[in-house]
Amino acid sequence: MSEAKRVEEAPPKDHKPETKPKASYSKWLNSAAVTFWSLVLAFIVGSIVMIILDPEVGEKWGYFFARPGDALGASWEKISLTYISLLQGSFGSWVAFTETTAQATPLILAGLGIALAFRAGLFNIGGQGQAIMGAIWGAFIGFTVKGLPLFVHLPLVILVGVAMGTIWGGIVGFLKAKTGAHEVIVTIMMNYLAVYLLQFLLQRPAFMAPGRNDPIGPVVEWSATMPRLAGSRLHLGFLLALLAVVLVWWILERTTLGLRIQAVGLNPHAAAVAGINVSRVTIVTMAISGALAGMAGVNAVTAPELITSFPTQLSVGIVGAIGFDAITVALLGRSRPVGVLLAGLLFGALKAGARTMQVRANTPSDLVDLIQALIVLFVAAPAFVMWVLPFLRQRKTSRTPKPKAVAA
Amino acid sequence: MSTTVIPDAPVRTSKTVESPAKRRQRLSSGTLIAIVGLLLAVAAFTSTGTSRIALSDAFDEIKLPTIEVPAVPVVALAAAVLLFVGGFFVAKRVPKPYSTWLGVLAGVALLVGFIVWVAADAPLPFTLTNQLNGTLQYATPIMLGAMCGVLSERAGVVNVAIEGQMLTAAFTASVVAGLTKNLWAALFAAVLAGVLSAVLLGIFALKYLMDHVVLGVVINLLATGFTGFMFHQLVKDSPDLNAVAVMQPVAIPGLSQLPFVGPILFVQRPLSYIAIVSVVVVWFVLYKTKWGLRVRSVGEHPHAADTVGINVVGTKFSSVLLGGVFAGLGGAFFTIGNSGAFQTTGVTAGNGFIALAAVIMGRWHPVLAALMALFFGFSRQLAQTVGPLQTPMPSEFLQALPYLITIIAVAGLIGRVRGPAADGVHYVKGH
């Protein structure tokens with residue numbers, strides 16, 4: 001959290017120069033393999049936790065040596081039932097599948113924001129606060145402005161919510177660029193400022209549902225609700241998220257700004273020497289990052305529920321833990337737009353299936369959070385995965401013979 | 001990785017020249033103090049009547065008088081002091097010891113002015129003992145968490161995971177208390193849980209070279225997922241595990257009978273005493289022992305430390321582990337220390353992050369961090385005390401104040417906050 005640290009952040013994770021396409025391909029393959037095995041490992045650890053902590057199955061392990069079949073059978077049943085119901089809840093039917101897309105929407109949007117910041121070497125922990133700002137002001141426009149047609153009202157809601165997310169993220173970028181305040185600290189604090197702002201507003205008459213005394217906002221107008229396919233949870237938000245994937249890809253790969261963002265992320269000092277205005281890139285990146293998180297917040301207050309077809313009303317926990325989930329999505333997606341899309345769909349599927357899993361297999365839905373955290377733990381520590389599964393390391397050294405300096 | 005530390009601007013020996021950075025900082029803090037003074041001046045003219053400040057509450061044995069002061073002149077005076085100090089900073093350079101004293105003066109004026117303004121014409125008196133007592137209670141977990149942060153960050157391991165460490169410890173304490181019905185066993189288990197989570201932090205940060213901030217975020221998520229899963233699977237439906245006793249306040253004989261000071265300082269829950277002792281212990285080990293010197297050197301310049309034969313990774317690891325002890329104690333506060341059985345609704349309530357803020361505001365120094373923790377506790381309790389007084393100040397603002405002030409401080413508007421030079425930097429021998 002000092003100047004020295006900022007210098008140290010710069011070097012890329014791998015010191016090997018990417019001169020030959022073959023080496024680059026091998027690197028990609030290796031990183032894909034690590035990701036795949038991280039997923040496998042996370043589900044294995046999840047299974048172990050599940051068995052150890054299940055009282056009924058645990059009992060059978062008590063007399064394992066007398067009748068091992070009992071314990072193994074019960075464990076297998078528990079694990080398969082849990083994961084099968086998880087799968088059924090996320091992909092088992094059309095409605096389940098659309099639930100997955102609905103859960104994935106905010107993850108993809110906010111995940112893209114975090115990923116974009118990562119590419120510029122910035123760690124945006126403030127997705128939470130930015131999403132809350134998007135939700136507050138999106139919902140506010142959604143329930144105070146009345147009588148507008150859908151194609152005017154909904155874009156207005158999105159515009160305002162995204163703008164507030166942009167401001168909330170932009171402030172961080174501004175402070176970082178102008179005063180050197182570390183973005184990790186500032187974003188954490190900005191998260192809490194947003195939470196308390198929300199708490200404060202939810203006790204003002206303008207933000208309270210008519211006839212209610214508890215802190216909950218009014219239902220947003222029909223014209224501010226995302227249109228959906230009838231009888232499903234597939235709504236416009238998911239399409240917007242897909243659009244955002246393309247947009248972020250385009251920014252990163254096809255624009256000067258994207259080149260600058262990546263240059264600053266690789267080495268801010270070199271970028272400055274090359275004539276890039278690092279301050280401006282920092283501010284713009286954080287602003288775009290905040291905009292995407294803000295859009296995730298707008299999605300939280302405009303996406304229709306399955307049965308009521310109304311969006312969730314504004315409340316203190318409206319965005320959940322989206323800011324932190326988004327970090328996991330960006331990490332699993334390796335900060336690349338398509339990776340974020342896939343990671344968002346995976347975690348969205350886990351979230352969508354969690355309820356079915358809880359009902360059918362009697363496994364607490366918290367297992368999903370646990371698995372999600374484990375996946376990211378393993379993905380972000382490839383050295384650990386290679387230690388557990390040595391064959392991954394062997395392939396790496398055999399393809400690119402090099403002194404073992406980087407292996408640690 | 002090679003450490004390239006950017007040298008600070010050359011130190012000027014001449015006393016007549018002020019560096020631009022210092023000048024900017026002096027001007028910004030002066031302006032900020034003056035702005036706060038102006039706000040208080042505006043507040044002075046909107047307040048009416050008298051403020052009553054009670055020095056003892058209804059349950060105290062020795063009754064102290066309730067102080068009554070006219071609101072307008074006192075608040076106006078406080079505002080004048082703030083404006084004067086702010087103006088002084090803007091106008092002139094102030095040499096070191098005097099600038100600190102002026103800052104303290106401004107702080108006291110702000111505090112007095114604010115309390116008098118809040119209590120002006122309120123239906124109830126502002127209970128000062130209550131406020132101070134609650135301050136220590138709110139500050140207890142923040143202080144302990146901050147000790148964890150200080151220890152790991154001084155060794156160069158950025159710790160965003162204090163929240164998760166405390167959550168794990170809170171859960172463990174609750175479960176063990178339910179199982180054994182012994183609060184000290186539960187406290188021990190909480191410490192163990194704190195240390196275990198520190199082991200996770202240490203191994204992944206130091207051996208597998210994971211980015212410290214990513215790791216912190218992941219540990220927080222793991223703690224939420226794991227405690228939530230355990231709670232729903234094993235604890236929720238067991239009345240036995242949910243019946244958790246709470247540590248009762250302990251009065252220190254003799255001292256607790258003192259008027260005013262007694263009930264504030266010497267009738268506290270055990271963890272508050274432990275927290276205060278912890279601060280002294282951490283200060284002692286960091287600044288007065290060989291190990292502490294090593295920890296600090298490893299956090300500032302690991303290569304130099306390695307050159308003189310210090311085991312860099314080992315030292316970092318031991319410091320992170322010791323930090324885990326305090327995170328464990330801090331976590332225990334949220335269940336057996338204060339409110340009873342574990343709930344999945346986030347019992348730690350962001351205190352780990354406030355502790356991190358206290359570490360930064362306290363400039364990575366245990367005593368300053370503890371003072372910051374007290375200040376944060378003060379503002380949280382103020383939000384509670386002010387509630388029934390029907391003041392125009394929304395309590396959410398007071399609750400958000402610590403975070404706002406941290407942003408202002410990190411942005412360099414007040415003082416310069418500078419962490420250990422090699423904080424968050426991986427160290428691999430031979431690079």
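A Cβ is built for glycine as well, from the same backbone N, Cα and C atoms used for every other residue.
Residues or ranges marked as compositional bias 'Basic and acidic residues' in TrEMBL: A:1-21.
As annotated by TrEMBL, region 'Disordered' applies to A:1-22.
As annotated by TrEMBL, transmembrane segment applies to A:28-53 (among others). Remote same-chain partners of the transmembrane segment (A:28-53), defined as residues 6 or more beyond its termini with a Cβ less than 8 Å from a stretch Cβ, comprise 61, 75, 78-79, 82-83, 332, 334, 363, 367, 370-371, 374-375, 377-379, 382, 385-386, 388-389, 392, 395-396, 399.
Residues 9-10, 130-131, 169, 173, 176, 183, 235, 237-238, 240-242, 244-245, 248, 251-252, 261-262, 264-266, 268, 281-282, 285-286, 288-293, 295-297, 299-300, 303, 319, 322-323, 325-327, 329-330, 333, 335-337, 339-341, 343-345, 347-349 of the same chain, all 6+ positions outside the transmembrane segment (A:104-122), place their C-beta atoms under 8 angstroms from a C-beta of that stretch. Sequence annotations record features per position, and here TrEMBL assigns transmembrane segment to A:104-122 (among others).
Taken from TrEMBL, the feature transmembrane segment covers A:158-177 (among others).
The list of residues near the transmembrane segment (A:184-202) in space but at least 6 beyond its ends in sequence, with Cβ under 8 angstroms from a Cβ of it, reads 1, 123-126, 128-130, 132-133, 135-136, 168, 171-172, 175-176, 208, 215-217, 314-316, 318, 323. Taken from TrEMBL, the feature transmembrane segment covers A:184-202 (among others).
Tertiary neighbourhood of the transmembrane segment (A:234-252): same-chain residues 98, 101-102, 104-106, 108-109, 112, 115-116, 119, 154, 158, 226-228, 258, 261-262, 288, 292, 295, 299, 302-304, 337-338, 340-341, 344, selected by CB-CB distance under 8 Å and a gap of 6+ residues from either end. The transmembrane segment annotation in TrEMBL covers A:234-252 (among others).
Taken from TrEMBL, the feature transmembrane segment covers A:281-302 (among others). Sequence-remote contacts of a segment are chain residues at least 6 beyond its ends whose Cβ falls under 8 Å from one of its Cβ atoms, and for the transmembrane segment (A:281-302) they are 105-107, 109-110, 112-114, 116-117, 119-120, 122, 124, 126-128, 130-136, 138-139, 142, 154, 157-158, 161-170, 172-174, 176-177, 183, 220, 224-226, 237, 240-241, 244, 248, 251, 257, 260-261, 264, 271, 311-314, 318-320, 322-323, 326.
If you look up TrEMBL, you'll see A:314-333 (among others) marked as transmembrane segment.
Annotated transmembrane segment per TrEMBL: A:340-358 (among others), in sequence order.
Positions annotated as transmembrane segment by TrEMBL: A:370-392 (among others).
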Remote residues contacting the transmembrane segment (A:158-177) - C-beta distance under 8 A, at least 6 residues beyond either end:
113, 122, 124, 126, 129-131, 133-138, 140-141, 183, 186-187, 190, 194, 240, 278-280, 282-295, 297-298, 301-302
Within the same chain, where does the transmembrane segment (A:340-358) have neighbours whose Cβ lies under 8 angstroms from its own Cβ atoms, ignoring anything closer than 6 residues to its ends? I mean 6 or more beyond.
82, 85-92, 96, 99-105, 107-108, 111-112, 115, 241-242, 245, 248, 325, 328-330, 332-333, 364-365, 367-368, 371-372
Near the transmembrane segment (A:314-333), which same-chain residues lie under 8 Å Cβ to Cβ, leaving out any that are not at least 6 residues past its ends?
35, 106-108, 110-115, 118, 125-132, 135-136, 139, 191, 195, 198-199, 202, 207, 215-217, 293, 296-297, 300-301, 339-344, 346-347, 372-373, 375-376, 379-380
